[in-house]
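One structure is given below, encoded as structure tokens.
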């Protein structure tokens with residue numbers, strides 16, 4: 001008995017026949033309690049980080065532009081609510097390289113209602129009462145008609161000049177244009193800078209360019225955000241269509257599984273066959289064309305990839321590759337026809353199982369809601385952490401000053417020693433930062449936020465997998481279906497998973513999260529080393545990234561099967577992972593063929609849904625169809641809603657098909673155990689369905705011969 005237990009521990013032999021086994025074990029205990037406690041403590045820490053971030057952060061720093069006093073332009077409920085635009089006193093100072101280092105122009109900035117619409121200098125505006133009243137809209141408070149223009153300029157209360165400007169990402173930038181090869185601003189090529197000097201319009205270009213580099217990403221984000229506001233309801237309609245299509249596909253698969261699978265296989269062969277025909281037609285059409293006989297090697301590397309489509313060798317290479325792929329698929333279908341029949345039988349049985357556990361189709365909605373909560377919490381915490389810095393003010397000066405770029409306090413700067421020593425200097429808002437203990441450890445808190453996001457997301461996905469595995473295992477091992485099944489198999493399985501196996505789920509998701517965070521760090525290192533010339537370091541990093549990618553895929557596969565074993569037998573994570581691993585290793589050929597064949601067939605179904613919805617979205621949002629021309633919203637980037645609909649459709653289709661995939665994987669493991677546990681005798685009958693027994697040429701001895 002001791003040797004028997006030892007052999008069972010190393011997983012060298014199949015599981016023994018147990019007449020009392022009737023499916024997922026009901027009498028079970030809590031597993032991996034230490035990991036459960038660790039996960040709960042980590043969650044409490046995560047909540048504490050979120051509360052700390054919310055108390056310190058301020059998302060307005062991302063939404064609104066900030067003036068020289070650190071106030072937000074256009075913020076509701078403040079005196080600047082009706083002044084949403086940021087105006088630069090001297091945009092040409094933004095040409096300084098310090099702009100890119102400190103993300104702030106070394107010139108006074110203030111919030112205004114509208115951007116200036118005409119050329120004007122302070123000296124000329126001062127002589128006309130109406131012009132001066134207009135000019136004062138772009139000056140600091142405290143400017144009066146009794147003050148002289150030189151005094152206003154000396155105190156830095158007004159800009160020396162105004163140029164015609166346009167709002168761009170809530171900032172006023174000169175309205176630059178071009179006449180021939182001459183740069184213009186407000187339709188003129190030169191202007192008075194307010195100090196009696198004539199300047200060329202091209203002098204403004206560098207200032208505008210540097211200022212926009214800082215906010216270029218924000219401008220793109222704002223345009224994308226505007227596109228979403230214009231098209232969000234159409235995107236929702238597209239996602240609803242994807243959901244309805246996925247549901248119809250699942251229902252069809254439920255009743256016509258065999259036919260649909262073979263139709264998909266035939267369609268793949270036909271599509272590849274058409275690809276070969278198209279490549280041949282392109283190859284033949286280029287015959288005799290000038291330059292078409294140039295080889296790819298002679299052409300070398302070209303950034304414009306369309307050049308390669310103009311040479312015959314490219315189409316010949318495509319034709320050969322597709323022909324090989326088509327032949328390989330046909331040969332696989334011939335030699336593995338029996339395995340494919342088993343895969344089809346598994347999918348048919350999965351359809352029957354889902355028919356008996358229909359609420360499983362809607363269980364991904366529960367997983368989706370939990371994932372949405374996890375993602376929302378992570379995103380909000382990340383935003384609040386990144387905006388929890390304090391405003392930092394620095395000395396900006398016109399002439400040489402020893403205090404230049406030093407920290408200052410705007411409240412008492414006018415009476416400070418620095419102001420006395422540098423009379424023309426100003427204390428302006430520079431950037432958001434901080435030197436406190438909290439600010440020093442912000443990067444650590446961001447890292448913790450990312451790690452807990454991975455852990456929680458993997459936990460939620462694992463919970464969904466274990467719940468579905470328990471429900472479908474109760475179907476397989478039921479001797480009389482559905483009489484021997486629980487009344488609510490999904491809810492029963494969910495209750496068991498949360499009550500007994502939170503620790504096992506936390507353990508498996510922790511291992512996966514550690515690997516994923518290492519991959520994130522490797523990507524960060526790769527980004528930092530892009531400019532490095534050390535080829536060995538690049539090669540080593542590439543190898544590490546490849547290894548950890550493979551390791552992540554393996555751990556996901558192992559976790560999935562371990563969760564199935566936990567759901568059935570109620571053992572801890574390590575024991576279940578070992579049992580699943582050795583069970584799969586004892587049936588390696590079946591795993592390599594059946595599991596991947598069924599995955600591929602289900603992947604084809606997902607692609608079909610994404611393709612249908614994606615094509616519809618493309619024709620609608622791009623305005624290619626005249627019927628939708630007036631209905632479709634006018635967008636900056638029409639690919640934004642298309643990409644959103646395509647990604648959303650894939651996620652929705654993946655959600656529905658993940659039920660099928662989990663059902664197939666669970667039934668597959670149960671099927672392998674059935675083959676090892678039972679031999680078809682009246683005492684040990686196979687529990688696999690009749691169609692699987694026919695495909696495998698196995699039958700229960702109590703059944704009549706056919």
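In case you wondered, yes, glycine gets a Cβ from its N, Cα and C as well.
Among the features that TrEMBL reports, transmembrane segment is placed at 33-54 (among others).
Marked as transmembrane segment by TrEMBL: 232-252 (among others). Long-range Cβ contacts of the transmembrane segment (232-252) within its own chain (Cβ-Cβ under 8 Å, at least 6 residues beyond either end) map to 260, 354, 361, 605, 608-610, 612-613, 616-617, 620-621, 632-633, 641, 644-645, 648-649, 652-653, 655-657, 659-660.
The transmembrane segment annotation in TrEMBL covers 259-277 (among others). Within the same chain, residues 252-253, 318-319, 322-323, 325-326, 329-330, 333, 340, 343-344, 347, 601, 604-605, 608 sit at least 6 positions outside the transmembrane segment (259-277) and bring their C-beta atoms closer than 8 Å to a C-beta of that stretch.
Remote same-chain partners of the transmembrane segment (315-336), defined as residues 6 or more beyond its termini with a Cβ less than 8 Å from a stretch Cβ, comprise 265, 268-269, 272-273, 275-276, 279-280, 282-283, 286, 296, 309, 593, 597. Annotation source TrEMBL lists transmembrane segment at 315-336 (among others).
If you look at the transmembrane segment (357-380), the same-chain residues 6 or more away from its ends with a CB under 8 A from one of its CBs are 50, 54, 247, 250, 449-450, 452-453, 456-457, 460-461, 463-464, 467-468, 471-472, 475, 488-490, 655-656, 658-659, 663. Annotation comment: TrEMBL describes 357-380 (among others) as transmembrane segment.
Same-chain residues lying 6+ beyond the ends of the transmembrane segment (452-479) with a Cβ under 8 Å from its Cβ atoms: 21-24, 39, 42-43, 45-46, 49, 350, 353, 356-357, 360, 363-364, 366-367, 370-371, 374-375, 378, 485-486, 489-490, 492-494, 496-498, 501, 505-506, 508-510, 512-513, 516-517, 559-560, 563-564, 566-568, 658-659, 662-663, 665-667, 670-671, 674, 687-688. The annotation transmembrane segment is assigned in TrEMBL to 452-479 (among others).
Annotation source TrEMBL lists transmembrane segment at 500-522 (among others).
What TrEMBL records for 600-623 (among others) is transmembrane segment.
Feature annotation from TrEMBL assigns transmembrane segment to 635-657 (among others). Listed by sequence, the residues of this chain that lie at least six past the ends of the transmembrane segment (635-657) yet keep a Cβ under 8 A from its Cβ atoms are 223-224, 226-228, 230-231, 234-235, 238-239, 242-243, 245-247, 249-250, 361, 364-365, 367-368, 602, 605-606, 609-610, 613-614, 617-618, 621-623.
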